[in-house]
Every structure is written in C-alpha cells, then in structure tokens.
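Working notes for the structure below.
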Amino acid sequence: SLIQFETLIMKVVKKSGMFWYSAYGCYCGWGGHGRPQDATDRCCFVHDCCYGKVTGCDPKMDSYTYSEENGDIVCGGDDPCKREICECDRVAAVCFRDNLDTYNSDTYWRYPTKNCQEEPDPC
C-alpha cells in the first residue's frame, strides 16, 4: 500500500516520501509522463512501471508483509502478488537512498508538467 511505501522510504532513506518524493520531476507523485529528469525521477519511473506490471491485486491499496534483516527489507508472505508490490516498493526505496547525492529540489520539486513532454523510454 502507499502507506507502507512511505514507511519503507522512511526506514531505508530516512526521509519522508510525502515531502521528498510526492511532487518531484516527471514521475514522482501521481501520474507521470515524459522522460525522467534525473536518477531520482528514474527511480519513480521504474516504480510506476513495476506497479503497472502487477496483476491480481492493487499496489496502492493492498498491504503486504515484510521484515527487516540486518538493516535490509525482506519481502515475505504467501501472496505472490503482494510480495511483488513489496519488491516494487523496496527497490524504489533503495534507489532513492542510492541517489540522494543527486537529488535536486531546486530544479525538480514541483517540476512543471509542460517540461515533461519528451517521449519516455519503454518500461
């Protein structure tokens, strides 16, 4: 669920997903189109693609099971669809953490959608 995604971001990145990633670039936040603008925006693009491939459950609403082992998030549970949602969220949170050094709020926070018109790469 989106609430769990926020929790994973807090655990992995030590930042609020709501405040750092809800309106960044062309893909972080609701919707998304155009070409990702930087590495962080690409994390969101890949996350959107990942959610788009999930079938049989609702990535934004359905809860999943995970644990923490040696500081890493480990997705679990018996439902393969929910485990897939967890993996989408886990990979995105790690991607955010790994790209904090290039996060550029001055340029990409509340980035105008008119700048997101280029043809995107395929998922």
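The backbone N, Cα and C atoms fix where each Cβ goes, glycine too.
Partner cysteine of Cys26, as given in Swiss-Prot, is Cys116 (from among Cys95, Cys116, disulfide bond). Take the Ca(2+) site that Swiss-Prot assigns to Tyr27, Gly29, Gly31: the candidate from Asp38, Asp48 listed for it is Asp48. Noted from Swiss-Prot: Cys44 is disulfide-bonded to Cys28, selected from Cys28, Cys75, Cys81, Cys86. When you check Swiss-Prot, the disulphide partner of Cys50 from the set Cys81, Cys86, Cys88 turns out to be Cys88. Here the candidates are Cys81, Cys86, and Swiss-Prot names Cys86 as the disulfide partner of Cys75. When the recorded positions Cys43, Cys50, Asp89 are compared by Cα distance to Cys26 (disulfide bond), the shortest distance belongs to Cys43. Within 10 Å of its Cβ, the residue among the binding-site residues Gly29, Gly31 with the fewest other Cβ atoms is Gly31.
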